[in-house]
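Enquirer: Feature list, courtesy of Swiss-Prot:
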- 2-142: domain 'Globin' (DOMAIN)
- HIS59: O2 binding site (BINDING)
- HIS88: heme b binding site (BINDING)
Amino acid sequence: MVLTAGDKANVKTVWSKVGSHLEDYGSETLERLFVVYPSTKTYFPHFDLHHDSPQVRAHGKKVLSALGEAVNHIDDIPGALSKLSDLHAQNLRVDPVNFKLLNLCFVVVVGRHHPTILTPEVHVSLDKFLSAVAQNLTSKYR
């Protein structure tokens with residue numbers, strides 16, 4: 001999926017709001033994921049999955065930091081996510097559908113905290129970007 005110049009600008013606008021809240025928004029995204037899609041909990045058997053768990057907060061920050069890397073390298077998402085793609089495909093073996101579910105939860109979190117910036121056009125751009133991220137994270141699956 002090709003991101004237009006407008007899409008890239010929209011994603012960067014969203015990230016200008018999100019980037020200073022990585023731990024909070026990341027943890028909220030994961031908590032929402034675990035509640036709405038309980039099967040995703042199976043990848044975290046060693047985590048305390050309760051609200052505001054330090055493990056969920058730390059992992060949420062890590063997830064959104066990786067998204068931030070993709071935003072910062074929006075013209076080379078495959079290069080920015082290559083090592084993470086290897087990790088998920090070869091070691092963690094996360095079912096690819098879970099990236100799409102995470103993306104849905106992240107968009108809800110963005111909309112909840114920044115409803116005025118999540119216009120239909122921005123929503124489409126963010127969805128295209130997140131789809132590109134998910135596609136790249138699963139590109140090394142066999």
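Residue positions begin at 1 at the first shown residue.
The backbone N, Cα and C atoms fix where each Cβ goes, and this holds for glycine too.
These numbers come from a predicted model, not from an experiment.
Please situate the listed features within the shown structure.
Expert: For the domain 'Globin' (2-142), the predicted model reports an average pLDDT of 92.
Contacts of HIS59 (O2 binding site) defined by a Cβ separation under 8 A and a same-chain sequence distance of 6+ are given as GLY26, SER27, LEU30, PHE44, PHE47, in order along the sequence.
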Enquirer: Going by DSSP assignments with H, G and I as helix and E and B as strand, what are the residue counts for the domain 'Globin' (2-142)?
Expert: 108 helix, 0 strand, 33 coil
